[in-house]
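Down below is the structure, laid out as structure tokens.
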């Protein structure tokens with residue numbers, strides 16, 4: 001039964017708080033927008049910088065630090081869920097009927113997300129932080145455009161030929177297509 005015990009050096013998992021999520025998002029955005037370093041850095045270096053920015057936040061005074069790997073894992077979980085919810089929100093916006101207000105569209109987006117993912121979307125705070133950020137929207141748009149291009153190549157029906165606009169683009173002037181698309 002001793003062999004079944006966890007290794008002594010493994011730390012207990014800590015749940016991320018809303019404040020930690022928001023600081024992580026801010027850390028990722030600020031680190032990824034750094035024009036001096038840009039995208040010419042290795043993943044481990046990038047996440048070490050994100051973790052340093054995260055740890056330096058006065059909003060987290062008294063909290064235990066998170067390392068680069070923890071930040072990376074949480075970011076990927078946040079990003080994946082927020083991208084899926086953004087898709088649900090776009091679908092809800094397309095289904096919007098006359099007289100529906102923003103709260104009703106948001107409620108419909110939650111229903112669509114639940115139907116697609118079989119779980120509730122609990123990261124609305126992260127979505128609110130990211131949804132109008134140009135850097136994140138460009139990355140999210142490039143993912144949805146590349147996947148919709150794949151669908152268009154295999155789909156002969158032209159009834160859905162209307163180009164899909166990422167909801168991020170609707171709220172941000174000057175958003176252009178990323179060069180890697």
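Each residue, glycine too, has its Cβ placed from N, Cα and C.
Database features, via TrEMBL:
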type: DOMAIN; residues: 8-79; note: domain 'Myb-like'
type: REGION; residues: 141-181; note: region 'Disordered'
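Per-class residue totals from DSSP over the domain 'Myb-like' (8-79), listed helix then strand then coil: 43 helix, 0 strand, 29 coil.
The average pLDDT computed for the domain 'Myb-like' (8-79) is 88.
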